[in-house]
Each structure stands twice: as C-alpha cells, then as structure tokens.
Amino acid sequence: MSSLLQMNGITKSYGSKTALNDVSLEIGPGKIVGLLGSNGSGKSTLMKMVTGLLQPTRGTLTVAGLPVGLKSKALVSFMPDRPLTESWMKVRDAITFFQDFYDDFDIVKAREMLQFMKINESDRVSVLSKGMNERLQLTLALSRDAKLYLLDEPIGGVDPVARGKILDAIVEYYNEDSSIIISTHLVRDIERIFDEVVFIREGEIVMHEEVENLRIKYGKSVDDMFKEVYAE
Amino acid sequence: MMKLLKYDFKRNGAKLLGVAVVLILAQLSIMLLINNITLITVFSMLAYMIAGVILFITPIRTYSYNLKAYHRKLLPVHSLKTIISPIAMGFICLLILGLIMLIHGYVYLTVYENTRIFDIIKMYPMDTIMSLLSACWIMINMLITIFLAITIATSIRSKGSFWIGIVVFFIIVNGLSWIENLFFGESQWGIFQIFSDESNSAVDGIVTNVNYNPSSLTGGMIGSFIFELVCSVAFLYIMVKLIDRKVEA
C-alpha cells in the first residue's frame, strides 16, 4: 500500500537551533496516528512542514506522492494551534469560507458536526469560549474529505467534557480512507483512539510503533511508554 | 481571486464603511459651516487626502496580515492571487474615492461657476486621460513595490527585518528611478518619477500653468512605462517565489 505521508531526512533549523533533526517518517492510509512529545519537542513544526506553513532546511517531503505545494494543500486538512477563522466572522461565515475555497468541503457533514458540537451558526466566532472554538476549528478541519488530517493539540486547554466530545467527534467524523495525525502531550485522554504512535523528542523520532505492538512487545500502555520515554 | 477579494473586503468592511461615513460627515460639515471658498477647498481636499491615505494603507496591512495568516497560507490558491487581491481591493477603493472626488469637484466648480478648469480639460482631453491613467498606474506600481519590500522583510527570520524592508523599499525606488532617468531622461510617467513632476497647479481650483510637452508621450514616456511594467512583473515573480519558498507563517 502506498504511503500517504513520506518524510525523508527532514531537518528544520532556525540559525543554530535545530527544531527537527533528520526526521524520516512514513504514514499509510486509514490510520489514526498519535504524534506524542513534550512541549517544544517539534510536533507542531513537523505538522506545519507537512502543510507547507514551514519549509524544511533539508530533506524531502511528499503527501500522496506530491511534493508539498499548491496541489498537496488540497489534500491536507490542518487544525493548527491558532484559529482558522477571523474575528469578524460568524460561525456560518467560517463555514462559507471553507466551502468557498475547498472543493472537498462537505457542508452536510459540517452542519451535522455543528449540531453534534452544539455550536450555533449565528454565533460570533469572537465570543466563543476556548472549548467551543476548539470544537469549531475541529468541525472545519474534519468537514473536509481530505486524504490527510493533521490535528495539532485538539484537546489542549479544554475541560474534560469538551475533550470527550472532541475525541468522539474525531472518531465519528473522520474519513476512514484517510489518515489522521494527532499531536498531543495529553496521552492518557486520547490513547484509546490511536492505531499508531510516534514519539518525538528534541526534534528526533525516538519511536514509531503500532499501539497493539506496544502492548504485546513491551506490555505497556501508550501513557506508560510516554512516561518512560520522557522521564527526566 | 474574486473569492480572496471578497474576504479581503469583508475583513476591512467596518473600516471602509467608517471611512466613508466620516468622509461624508466631514464634507457636509465643511459645506455647511465654512463660508470661505478657499477654506472649503483646502479642508475638502484635506479630508479626501486623509481618506485616500487610509484607503492606501488598508491593502498594505491586508497583504501583510495575509502573508502570516494560517487560514490564508493553507488555502490551495496560487500565491499570485494572494498578491493581486489586496492590490485590487486598494485600487477599487481609491478608484471609488477618486470618482466621488471628481463628481464633488464637478459640482463644486459648476456651483461656483469656475469654468476655467473645464476649458483646460476640453483643450487637453488626451492629457487629462493620460494623467488619470498615470495616477492609477502610480498607485498600482507603488503597492507592488511596497508589497515586495514587505515580502522580503517577512521572508527574513531575524530581528530588524522590518527595517530591512524599509531599506529595501527605498533602495528599489531610488535605484529604479536612477536607472529610469539614465535611460529615459526627464520623461514623466509613473512612480519613480512622481517627485520630479514639473507641472504646476494651484490648490484654489484654478489651474495656473501646465507645462506639458506632448512629444514626451510618444517617446520616453512609453519607454518609461514599459520599463516600470517590466519591473513590476519581475517584482511579482520574485514575490511569488518568496511566498512559496521563504515566507513562513
């Protein structure tokens, strides 16, 4: 099966600081992958590079065989760590914005998700709480029929109820032919939905394993393994 | 491109509406509260100038914002459209302002029976059209040059990139102005010659003198325009490459 995401020897440096160091990663279709690491380990940098927001200093990167660029942007749906909306927008404007620019945006799915997330289309984006805003951003990202979804800390900074709701939405609404990469350091809350996990530390991938293998080989849960890898 | 333009307008809608309302109120106040014709002219022009500056800055701020905004950078849209959209927005806004100003001026001159300027326009219709086209070109050219400086500054990830952008802008403007003078002498056309225009006009509504040499239109002026056009296309190309490869959100 051909890989959906292929990274070969990706390095990203900012002057003398190296954010990612010689990262090689391959993700196949139909997987929910956890990109796990502590703060500043390079998770967001890796995701931004896949989406074209950052350029690698070295290495090659392809999405569905395409180099990152105009065509790959149409295949990747990204929920970043900051809103994809503008302050003047109402929820319905945000939906229209996505509908206007992404051919794969599914308006029926979006409305269904908004109902599931209990978000009102007439609400102003600027008055939504952090949790509700995260739900909206997730709705926008998952309502596309993309090949690859990238969710950067989708449950960071929201209460446990919202977390549950967001995780349920991910499982319920993601396109099963595609793959999702979810970055987080809140492993315990989210590990139940992962097929594979990638541990990243100080810009280097230290482990890429199927969750099932992790349990069989090491007899540990993802959370236990995370604590072991990132023990200080 | 039209979709990008739509969202650029929507983002700036409140500001543009505000400028329009304040401008209307200012012009009404000037008309109703001031009796002196010279003062009316000066304050009216001042109000239009302030509105013009705000409308000129708006696309610059919009472009600068769009370069860094995740939701814009993630769109599967060619980078050239990202550049053209705010230019089009600024052009449309300033064009509307210019038209309002012309209509206002026409009404004002008709009311005060100052027909001298109409006589000059009738005498030099081609020159009038060329001046208006030149003003449009200057504006577009200026925006492209500023956008290039912003793009270069944004593509540099270091402290002081803002100042680098400003230095780049002045180097481009002065450098190209020098080259243009070298090749085309004193021929007048667009941005790089803007500060050396020798035409004289009075602000009290009566044009006193227009030193215009029609022969320059066929020779150096066209050459100058083509030179600036080629430079602008090159700037757009550089900007697209920088946005695709160097500008990071």
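Here the Cβ of each residue, glycine as well, is placed from N, Cα and C on the backbone.
In TrEMBL, annotation is done automatically, which means it is predicted and not curated.
The transmembrane segment annotation in TrEMBL covers B:12-34 (among others).
Look at TrEMBL and you will find B:40-62 (among others) tagged as transmembrane segment. Same-chain residues lying 6+ beyond the ends of the transmembrane segment (B:40-62) with a Cβ under 8 Å from its Cβ atoms: 8, 11-12, 15-16, 19, 22-23, 26-27, 30-31, 34, 86-87, 89-90, 93-94, 97, 101, 104, 108, 139, 143, 146-147, 150, 203-205.
Per TrEMBL, the feature transmembrane segment maps to B:83-109 (among others). With a cut-off of 8 Å between Cβ atoms, the residues of this chain six or more beyond the transmembrane segment (B:83-109) that come close are 1, 4-5, 8-9, 12, 16, 27, 40-41, 44, 48, 51-52, 55-56, 58-60, 62-63, 66, 115, 117-118, 135-136, 139-140, 143-144, 147, 205, 236, 239-240, 243.
Among the features that TrEMBL reports, transmembrane segment is placed at B:129-150 (among others). Nonlocal intrachain contacts for the transmembrane segment (B:129-150), taken as residues 6+ away from its ends with a CB within less than 8 angstroms of a stretch CB, comprise 56, 59-60, 63-64, 67, 83, 86-87, 90-91, 94-95, 98, 165-166, 168-169, 172-173, 188-191, 194, 217, 225, 228, 232, 235-236, 238-239.
Using a Cβ-Cβ cut-off under 8 Å and counting only residues 6 or more beyond its ends in the same chain, the transmembrane segment (B:162-179) has close neighbours at 145-146, 148-150, 152-154, 156, 191-193, 227-228, 231. The transmembrane segment annotation in TrEMBL covers B:162-179 (among others).
The transmembrane segment feature in TrEMBL is assigned to B:221-240 (among others).
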